[in-house]
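The next block holds one structure in the form of structure tokens; read it before the comments.
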Amino acid sequence: MTNIRKSHPLMKILNNAFIDLPAPSNISSWWNFGSLLGIWLILQILTGLFLAMHYTSDTTTAFSSVAHICRDVNYGWIIRYMHANGASMFFICLYMHVGRGMYYGSYTFLETWNIGVILLFAVMATAFMGYVLPWGQMSFWGATVITNLLSAIPYIGTSLVEWIWGGFSVDKATLTRFFAFHFILPFIIAALAMVHLLFLHETGSNNPTGISSDTDKIPFHPYYTIKDILGALLLILALMLLVLFAPDLLGDPDNYTPANPLNTPPHIKPEWYFLFAYAILRSIPNKLGGVLALVLSILILILMPLLHTSKQRSMMFRPFSQCLFWILVANLLTLTWIGGQPVEHPYIIIGQLASITYFLLILVLMPTASMIENNLLKW
């Protein structure tokens with residue numbers, strides 16, 4: 001008699017994805033982030049579901065309902081802060097996952113990579129709309145500023161913004177629809193993640209060397225299940241340290257002031273995980289140009305397979321490319337810092353230089369370094 005996990009129609013799918021899956025024997029901890037993202041997504045959906053049971057998406061009661069969750073609901077405060085800080089952990093894993101893909105050349109799996117980029121956009125949209133829901137000052141003004149960017153689109157811009165708002169300003173209709181979208185998108189993300197995994201399992205995982213590992217595979221369970229559990233425990237520990245000791249460390253104090261359309265906060269800024277893109281947006285003195293740069297800063301990932309000029313897949317044996325990659329990481333950290341600073345000298349010029357460097361590194365310097373490395377192989 002065959003094992004039930006290999007014969008049952010549903011169990012068979014799970015078995016082939018998580019138990020008997022042949023995996024490369026040399027994948028490092030950088031390969032943990034895929035499973036961690038899955039765990040965070042489930043955690044965010046669960047905490048979000050419990051928050052939605054008590055939240056009201058009405059401009060008059062939204063702020064109070066969040067206060068009610070924190071004060072009156074059993075363990076409401078921990079659910080709320082796990083959800084808010086869980087988003088930060090989600091983005092840390094997401095950026096590391098994308099960085100891993102860039103470093104080790106995983107973008108050569110075209111379908112997997114492209115769905116990954118769509119997933120990144122979907123998660124960013126979800127996080128943005130979630131930030132609007134508590135209806136504090138930063139929620140309201142963040143929603144106003146970011147949705148207003150669409151008015152830069154020629155001809156249809158203004159109509160588009162008013163259509164998204166459901167009126168002539170960010171108001172009750174906007175909050176209600178943002179709640180609806182914030183609720184449905186994580187389920188769409190979960191479905192996309194399954195498609196992402198489906199395409200990955202068509203080719204099998206990449207590995208640090210970038211060389212085919214077909215000759216040396218090991219079963220996913222128990223080797224990588226135990227490794228993933230360790231990674232998950234470490235990150236859950238980090239999350240709980242954040243939630244229990246410094247729950248507001250990454251938040252904005254302005255969001256503890258109820259939304260007021262008549263009073264603009266001195267510095268409007270998004271959550272830390274959007275600051276790099278926000279810095280790129282602000283560094284261009286033209287509205288449409290800024291919006292295009294903002295979209296392209298993420299959409300540029302789609303071009304990664306086209307910009308790959310090296311004869312080697314991974315950066316493991318390419319010192320010049322490695323150097324440029326870490327300069328890119330430092331550049332993104334600089335942009336993140338600039339995004340949180342006021343628009344004044346010297347931050348403006350630093351932001352502009354960092355923005356130029358960002359696009360220059362990806363579009364020009366890294367492909368050039370790859371070609372130089374190709375020629376060095378002939379020596």
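Backbone N, Cα and C define each Cβ position, glycine as well.
For reference, Swiss-Prot has these:
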TRANSMEM  33-53  transmembrane segment
TRANSMEM  77-98  transmembrane segment
BINDING   His83, His182  heme b b562 binding site
BINDING   His97, His196  heme b b566 binding site
TRANSMEM  113-133  transmembrane segment
TRANSMEM  178-198  transmembrane segment
BINDING   His201  ubiquinone binding site
TRANSMEM  226-246  transmembrane segment
TRANSMEM  288-308  transmembrane segment
TRANSMEM  320-340  transmembrane segment
TRANSMEM  347-367  transmembrane segment
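Less than 8 angstroms from the CB of His97 (heme b b566 binding site) sit Phe33, Gly34, Leu37, Gly116, each of them six or more residues away in the same chain.
Around the residue listed as 'ubiquinone binding site', taking its Cβ as the centre, 14 other Cβ atoms fall within 10 Å, counting all chains. The secondary structure of His182 (heme b b562 binding site), as reduced to three states from DSSP, is helical. Under 8 Å from some Cβ of the transmembrane segment (33-53) lie the Cβ atoms of residues 69, 79-80, 82-83, 86-87, 89-90, 93-94, 96-97, 100, 182-183, 186-187, 189-190, 193, 228, 231-232, 235, all in the same chain and six or more residues away from its ends. Away from its own ends, the transmembrane segment (77-98) comes close to residues 30, 33-34, 36-37, 40-41, 43-44, 47-48, 50-51, 66, 69-71, 116, 120, 123, 127, 130, 235, 238-239, 242-244, 247, 250-251, 271-273, 301 of its chain (Cβ-Cβ under 8 Å, at least six residues beyond either end).
Between the transmembrane segment (113-133) and the stretches 178-198, 226-246, 288-308, 320-340, 347-367, Cβ pairs under 8 Å are most numerous for 178-198.
Using a Cβ-Cβ cut-off under 8 Å and counting only residues 6 or more beyond its ends in the same chain, the transmembrane segment (226-246) has close neighbours at 29, 32-33, 35-36, 39-40, 78, 81-82, 85-86, 88-89, 93.
His201 (ubiquinone binding site) is 29 Å away from His182 (heme b b562 binding site) when you measure Cα to Cα. For His83 (heme b b562 binding site), the same-chain residues that are 6 or more apart in sequence and have a Cβ closer than 8 Å to its Cβ are Gln44, Thr47, Gly48, Leu51. Within the same chain, the residues at least 6 positions away from His196 (heme b b566 binding site) whose Cβ sits under 8 Å from its Cβ are Thr112, Ile115, Gly116, Leu119, listed in sequence order.
Within 10 Å of the C-beta of His182 (heme b b562 binding site) we count 21 further C-beta atoms, all protein chains included.
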